[in-house]
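Take a look at the structure below.
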């Protein structure tokens, strides 16, 4: 029986009334037309690609090697579901690992199916899906977890509350890892969950001292979560766990979501963490343990067959174990949890030369990795460059780029990448490229979202949306400078029961239709210990916020860029930046970049963008999920608030400006990739980035510095993060397989200042991965000596 008729008969077998009780049929669904571009794509598929794309409905696991065209296959599968299996496009959920990957999938669908059709599927990251779900089912979320509607997303800057701790970053990493590896951490309690996460990470029982440290860290985690919740905010790492709790606690919501998404596709499945994995399993299989859902009886009446699952990944490219990913989920756990699960392979490598494919496989060890078939030419041998130290290494990189790649072989600058193991390697490389006159872009150091001026303006916009946002109030109370000192701030906190926002704004300011700069709502009385001149400054700050709120809540729709401009004007921040000279002008340009990006995001109808509501069949807005990159997200921070703050209020669904502002601020809070890459889009610049950030990218030429023991593999200095040699090997494999035609590895002899080398001079040994290449495939290597080293 064909897939189309089988599905149609299945759907006809369920009564209209029972199906409608779960999810009404989509109104006027957008149909995927068979365009010439789609016909050309399908005709151009290889045999193994076509087998995957045209596989019958059911659960399917695709093991796809690097350069095998998995994005092409994923896009073609979505189109095939719509054209050959009558799958409503709005019933497709496609989860990608990064913002860039999600954007690419949607852009390719636009070419194949047209813009309107491509906007129907929900395409985005796990965090995008989670946030949209929590927004859509906000009342049910409050009933299940106590999180009130109208919550905001805490920015990474909220972690500054931990600045008094010397090991704040270590603590934040541990909290983030705990949340991503222990789905029910809130129910277990912080101390117990931290110990469990730490033991799982270490792969061993904890000592008494380690258990005590875990208890302290877990208590801090609880304090962080409680303080953020008091402030009406959620930490990025909490979004997935809260979504899981909501779906487990409310059978009706789970049934609606499962009825809404009939086909679940997940890319880079090998990098899913425990919470993400459980979420996928719940969406596809429904609840395993009926005790988890109080009203589970409703679940037994679910009138549709389970959603289908399509997962794509490669265990050899699993590089996020340090962030809670579980590489074993793809080869082993999935087979048991999603049975019956078919497995197909994509083994043809269209990207790299045979030399690069063969050399990259050798770093994984014997029998590891997929047996790729290199379809490219033999290609040049892999360059191994021996240099004296980091400065000589950087100079050699610049010479290879300028003389060999740009000069002799004519590789465009934007097709060249220098891939670093750690960010601290960048400074020497930057200096050498500048001296050599090689234009470059540095990706991932200070993202647009993390820049001071962006977070300042965003904080003002958050206050305009919700004056009770204490995190935002603390950030900009003295921006621009108002002379509010530490003593006044302490008295203000005391007046607000630990909250600056509560001392300055009343609940009527938050939910009232504020007009005329807040004149209708006088400021709460402040204690006489605050001098009159400071009271006037605080009143000025309050009036500024309420003017912005009046502007944002007015009946006249305003774009994000208009709200940005108003914020710069009303707050005086724009004038303050102008007075900073050249640096201030640069900061203003950054704000213009963000405003332009925001307007573009809105003007595209948020195709691929996060709407204010989770779109289901009762909410036909035609908006998918915004594309968020969770990499580098930090946990929330413990704040000082001791009493409940002004309750967060649901955002009005009748005011398009407020709705747009809420969605945009959600985007700003957790979008962290794409901005730096976009800064160089269309420009001829060499890319400098970390290996982790290069995942999913490809370049004509790749240069890898620091191929020495202690850097590659990186030897962990923190006993809490012992690292994994297997994961380090996979990381090198990912870096090498980004290259299409040229691959260069650099081996410095001296790397000072790194304790892993065992002596004060930092004399390094070549990386074990380079040594493996020399033993196993010496014929694929071309050695080069720089400086005064003897030729090998």
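Cβ atoms here come from the backbone N, Cα and C positions, even for glycine.
In three-state terms derived from DSSP, residue 66 (ATP binding site) belongs to neither a helical nor a strand segment and is classed as coil. Long-range C-beta contacts of residue 66 (ATP binding site), restricted to its own chain and to partners at least six residues apart, with a cutoff below 8 Å, comprise 314, 317, 349, 351, 352, 360, 372, 734, 737, 738. Residues annotated as ATP binding site in TrEMBL: 64, 65, 66, 67, 68, 69, 70, 71.
Under the heading domain 'UvrD-like helicase ATP-binding', TrEMBL lists 43-353.
Annotated domain 'UvrD-like helicase C-terminal' per TrEMBL: 354-696, in sequence order.
Per TrEMBL, the feature region 'Disordered' maps to 608-629.
Cβ environment of residue 64 (ATP binding site): 70, 73, 312, 313, 314, 345, 346 lie under 8 Å away, each six or more residues apart in the same chain. Between the candidate binding-site residues, 68, 71, the densest Cβ environment within 10 Å is the one around 68.
All protein chains included, residue 70 (ATP binding site) registers 22 other Cβ atoms within 10 Å of its own Cβ. Using a 10 Å radius centred on the Cβ of residue 67 (ATP binding site) and all shown protein chains, the other Cβ atoms total 23.
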